[in-house]
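So TrEMBL lists these for the protein:
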COILED    16-53  coiled coil
COMPBIAS  118-129  compositional bias 'Low complexity'
DOMAIN    11-78  domain 'V-SNARE coiled-coil homology'
REGION    109-129  region 'Disordered'
TRANSMEM  79-99  transmembrane segment
């Protein structure tokens with residue numbers, strides 16, 4: 001007759017309980033692994049979206065940089081034009097003033113005789129002398 005001693009049954013039952021505990025732990029680990037997998041996939045998707053947005057941002061920033069560079073060059077040329085125009089005006093005014101100062105119409109020669117009120121000069125020869 002086959003008679004199992006109580007020791008063998010309790011050992012078997014204890015092994016089955018331990019196996020059941022391990023099974024529960026493994027199932028829990030598998031669920032957590034699936035959750036992590038889903039989170040990783042979501043992170044990958046978000047990272048790809050950020051990558052596309054960063055490319056777009058980079059293109060836009062480069063366009064803005066070039067536009068600002070062109071604006072800066074235009075502003076420098078405008079400043080140069082204003083300074084050059086101002087210099088030309090100053091030179092023209094100075095030249096005009098020098099030309100007017102040296103013209104014979106506005107100067108009094110040492111040899112010229114001033115006129116009196118009646119148009120008679122003091123050197124006029126006449127009966128008073």
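Numbers here mean position along the shown chain, with the first residue as 1.
A Cβ is built for glycine as well, from the same backbone N, Cα and C atoms used for every other residue.
Help me see these features in their spatial surroundings.
Here the domain 'V-SNARE coiled-coil homology' (11-78) returns a mean pLDDT of 95 for the predicted model.
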Could you break down the residues of the domain 'V-SNARE coiled-coil homology' (11-78) into DSSP helix, strand and coil, giving a count for each?
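Computed counts for the domain 'V-SNARE coiled-coil homology' (11-78) are 68 helix, 0 strand, 0 coil.
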